[in-house]
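Have a look at the structure below before the remarks.
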Amino acid sequence: MKRFKAFVKKEFLHIFRDSRTMLILVAMPMVQILIFGFVISSEIKNASIAILDKSKDELTQEATQKLLSSGYFRLDKYLKSEQELETAFKRDRVKMTIVFEPGFAKHFYSDKTANVQLITDASDANTARILSNYASMILRDFQQSHNATIPNGNSLINTEVRMFYNENLDGVYMSVPGIMAMILMLVSAMMTSISITKEKEFGSMEVLLISPLKPFQIIIGKVTPYIFMALINTLSILAMGYWVFHVPIKGSLFLLLFEATLFTILALSLGIFISTVAKNQMVAMFMSMFALMLPTILLSGFIFPIENMPFPLRMISNIIPPRWFIIVVKKIMLKGAGIAYVWKETLILMGFIVLFVGLSIKKFKVRVE
Amino acid sequence: MISIKNISKSFEDIQAVKDVSIQIEEGELFGLLGPDGAGKSTLLRMVNSLMIPDEGTIRLWDLDPVKDYKKVRYIIGYMPGKFSLYTDLTIEENLEFFATVFGTTVEENYYLIKDIYQQIEPFKNRRAGKLSGGMKQKLALSCALIHKPKLLVLDEPTTGVDAVSRAEFWEMLQSLKEKGITIIVSTPYMDEAQLCDRVALMQGGEIHACDKPAHIVQQFQYPIRGVKTSNIYKALLDLRTYKSTHNVYPFGEFLHWVSKEQLFNDEEVIIFLKDRGHLNVQVRDIDPDIEDCFIELTQFNEKINA
């Protein structure tokens with residue numbers, strides 16, 4: 001135990017004394033979540049929209065003027081019928097189409113309720129949400145100012161928001177779980193694989209091997225500091241997500257941290273596995289980048305929705321561990337799910353751990369080659 | 001006692017160690033001499049359990065480094081060829097780390113490293129990466145010794161170290177030997193042979209001689225002369241064509257000329273060289289040293305193998 005403690009202390013010293021490692025461990029998670037967060041939820045100006053006015057009365061024209069003068073929207077074109085919706089989104093790349101129902105003014109004044117539909121392109125879910133919120137707000141404003149001009153004005157403009165391409169608006173808060181997966185992967189897998197191969201490269205592995213330290217002590221000792229660092233990172237990402245970007249944590253924080261720790265261990269076992277295969281730091285770094293980071297970013301559903309992938313890639317995404325972690329985090333954070341809803345994914349994560357730990361133990365050598 | 005019997009080890013396309021057998025006595029300071037690529041490091045790594053031989057057996061007292069590697073690792077102190085301590089830890093932290101890892105404390109075996117460690121102790125808070133070559137080597141030796149090993153395996157400890165530090169280092173080894181530690185040390189420097197109790201001359205994965213340095217030198221059976229002229233390179237080429245030449249090779253500012261014939265006259269050599277236009281011809285008696293023996297043994301063997 002004393003041996004193990006000495007080893008862990010040494011690992012912490014390595015981390016604290018290398019400013020680059022510290023930078024990656026502490027500053028990068030912050031910077032990344034800020035960049036991703038702000039890039040995705042940045043203020044929107046002059047978003048191109050289309051208008052399908054089936055009523056063409058004074059009121060709809062006034063409403064259109066109001067919307068366009070807000071500065072948020074720029075009119076791309078007037079549509080003539082619903083058939084043009086598809087092409088407007090696909091070819092003209094409008095972000096939103098506003099549909100006024102036939103007889104809008106009549107409904108407003110006599111039936112007290114007029115309907116307007118806001119159809120957004122939700123493949124960019126964040127923009128879609130922001131645009132529809134802006135439009136709804138402007139229309140509510142418009143409704144109030146009109147009610148003030150008529151006696152006993154209590155008419156309603158009913159806005160119905162519809163999402164095209166992504167009806168459940170998956171991905172609004174997608175960036176936080178994704179960033180969490182990415183950073184835990186980076187901190188845990190890449191940093192451990194580099195730190196283990198560093199010992200190989202500098203020859204100190206020979207001295208460690210020749211010592212009475214057991215292989216599992218060397219490995220657990222290497223890994224322990226990174227579990228701490230990863231936990232701190234998880235907390236800081238959650239805190240920033242919660243306070244800066246108002247991402248809710250509906251489920252149990254404890255369960256969330258448990259799953260994050262599980263994923264950290266999985267990433268660490270991947271890092272160990274890489275280090276048993278890689279000969280030096282360079283190779284370890286490239287293997288982590290290409291075998292771990294790229295799939296985490298591209299195939300886990302972090303940036304590109306898995307449903308939209310071609311079949312072979314969808315299959316591959318099944319063996320990308322972060323994919324399952326992202327599902328778990330989404331369920332817990334956004335839907336408030338308990339363990340009963342995430343046990344399947346949890347088991348898959350555990351299965352990956354067993355697999356990679358087993359492979360690493362098999363591959364770890366008590367001798368040099 | 002360490003016995004190495006018929007050890008062979010091959011890597012993909014190269015046989016690094018060929019059928020090596022050596023006996024090393026308890027308390028001996030044993031030198032493994034040979035140029036780079038002779039197979040020294042591979043042999044040492046098989047002794048210290050880091051590599052498994054393809055053939056043959058090794059016994060460290062009653063332990064087999066292949067089967068009992070866990071026990072072997074308690075009794076061995078190993079200093080790899082490359083400086084392999086943690087450059088981002090201080091002298092003190094390195095030493096304490098290795099002491100704890102080997103289940104001991106710095107205080108417990110301080111007497112063993114005192115002479116060595118005292119020289120670097122004033123800098124104990126300096127990071128190991130910022131030390132000079134000589135200091136690094138003292139620290140590495142201290143770390144290898146801190147658990148009071150029965151056997152110390154040093155792989156080229158003096159390579160890349162200045163002459164003064166090298167001399168100091170060998171003094172330290174002598175004093176460790178007096179404390180009863182068996183030491184195996186490899187080196188490419190032939191002049192370090194005389195500092196060992198016994199040496200093995202290694203080249204091309206084979207041991208060409210294994211004896212006390214003085215005995216090895218005594219076995220050199222040819223007359224040898226130091227030769228110098230104003231054109232040393234031409235003299236080398238000319239002497240190669242001389243009838244009684246057994247071998248001739250540059251050695252410092254002289255050529256070492258080895259005669260095939262036991263009886264010959266230095267004058268004949270001088271005349272031979274002067275006839276070929278050499279000026280300032282000097283021929284003087286010299287004693288063969290271990291390097292002459294090494295050249296003789298390895299070149300002779302190469303001829304047989306060829």
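Numbering starts at 1 and runs along the chain as it is shown here.
Any Cβ shown, glycine's included, is placed from N, Cα and C.
Remember, predicted model here, so these are calculated numbers, not experimental data.
Summarising the annotation, TrEMBL assigns transmembrane segment to A:21-40 (among others). Long-range neighbours of the transmembrane segment (A:21-40) within the same chain, counting only residues 6 or more positions beyond its ends whose Cβ lies under 8 Å from a Cβ of the stretch, are 14-15, 126, 175-176, 178-179, 182-183, 186-187, 191, 229, 233, 236-237, 240-241, 244-245.
TrEMBL lists A:132-367 with the feature domain 'ABC transmembrane type-2'.
The transmembrane segment annotation in TrEMBL covers A:172-196 (among others).
Residues 8, 11-12, 15, 25, 29-30, 33-34, 37, 41, 173, 176, 179-180, 183-184, 187-188, 191-192, 253, 256-257, 260-261, 264-265, 267-268, 271-272 of the same chain sit 6 or more residues outside the transmembrane segment (A:223-245) yet have a Cβ under 8 Å from a Cβ within it. The transmembrane segment annotation in TrEMBL covers A:223-245 (among others).
The transmembrane segment annotation in TrEMBL covers A:251-274 (among others).
What TrEMBL lists as transmembrane segment is A:286-306 (among others).
Per TrEMBL, the feature transmembrane segment maps to A:341-361 (among others).
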Same-chain residues near the transmembrane segment (A:172-196), Cβ under 8 Å, at least 6 residues beyond its ends: 11, 14, 21, 24-25, 28-29, 32-33, 36-37, 40, 125-126, 129, 219, 222-223, 226-227, 229-230, 233-234, 237-238, 241, 245, 247-248, 260, 263-264, 267-268, 270-272, 274-275, 278, 281, 284-285, 287-289, 292-293, 296-297, 300-303, 322, 325-326, 329-330, 333-334
